[in-house]
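The following features are taken from TrEMBL:
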TRANSMEM  12-30  transmembrane segment
TRANSMEM  50-71  transmembrane segment
TRANSMEM  99-123  transmembrane segment
TRANSMEM  195-214  transmembrane segment
TRANSMEM  261-286  transmembrane segment
TRANSMEM  292-311  transmembrane segment
TRANSMEM  318-335  transmembrane segment
TRANSMEM  350-382  transmembrane segment
Amino acid sequence: MKIKLDHGYMKKIKYITLGFVIIYIIYLVMTNIGDVINGVSDAFSFIVKILSPFLWGLVIAYLLNPIVRYFEKIISKIKINKKWERTHRKQKKAIVRGISLVLTLVSIITILTLLVNSVFVMINGSFRDFKITELIKEITDTFENYSKELGGIEESLNKMGIAANITQFLKELSISIINQIKEIATSITARVTTIGRYIIDISFGFVFAFNFIMNKEYFHNLLENALRLTLNDKRKNSLKEILHEINIVFLSFIRGKIIDLTLLSFVTVISLIIIQFDYAFIVGTFAGYTNIIPYLGTWIGIIPAVIIALVKDGWQEALFVGAYIVIIQQVYYVFVSPKIQGKSIGMHPVFILLAMFVFGKFFGLLGVILSIPMGGIVKIFINRWTKRRQDKKNIVLIDLKK
């Protein structure tokens, strides 16, 4: 005799069981939220570490592509042999793109070389009157004086019978210092290794970027095929719209930030020259470009200026220079920066800070630097979800700009 199963009843049991499983999973996640976040962060960091050269290639290709396209437009206008160009369009396109990519790399290397050279020229000019021999002689004389004084102290201690304790103390102190030096050496070795790994990853990143740019139509079509295989037309078009909006956010951020930071550096340099501050070019440029890090950049940027002023003229001058740079940059951000950047992402400062902490946790310093465009991407998804809910429910929302 066959037992007939009530499919409706079994379906309810499945949903109830699934509900209990989901509730239990949520309970486990909430009670171990710290471990879950750390686990996800570690797993994500591991994946990013493995794919680092590939990801660097994507980033470099994305940044270089607009410059390559600019050179392509110029070189494409040059006519050599019309008949050959008509019959060899693909070859011409590849040649033009290759030349454009080479010109882009040469331009970037030239600009970086000029910047580094100008910094060395400024440093050389700033330290031209610096007497290194006099400094060495002064340090040597100081040590000799201390040695004589210590010799007298040691003789007095021997007479008092407590030299042995001092000797033991000095031995323990020397062991402690040696251990500290070993720790510092280990730390330096680890940092050098990390820097070396970054250099290797970025070098391979340029190889990936070169291939991405030279064959971008192929990779574009590959992505298009992947979308067609996995998504229907509605979802595919929706994803393309989202990617287009994300692209606009990033391009607006990059272009606006480059112009913004360059002008801010110029303003800071001129402001330091006005008060006749030494090393105005180097310090002002550093103080300007560190503002790529939201909020924290200003305070990081004033550190060299404050140290130089403190060593040379005392704490009052250091306090003045630090406050002077901060005020100049804040005035700039109030009156000049909004006009340069044009349409901003439109995020409240509270959410910018939140984005800094969240993306900084997952991506480190890079996450902090890119927190604004990453926050802008999150804002895109929130706005699209809000629009769907508003249209579906016919909800009238409060205007947050009022």
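Heads up, the Cβ atoms here are built off N, Cα and C, so glycines get one too.
Source: prediction; values computed, not measured.
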Among 50-71, 318-335, 350-382, stretch most in contact with the transmembrane segment (195-214) (C-beta, under 8 angstroms): 50-71
Two-stretch contact, the transmembrane segment (261-286) and the transmembrane segment (50-71), at least three Cβ pairs under 8 Å: no
Segment proximity, the transmembrane segment (12-30) to the transmembrane segment (292-311), 3 or more C-beta pairs under 8 Å: no
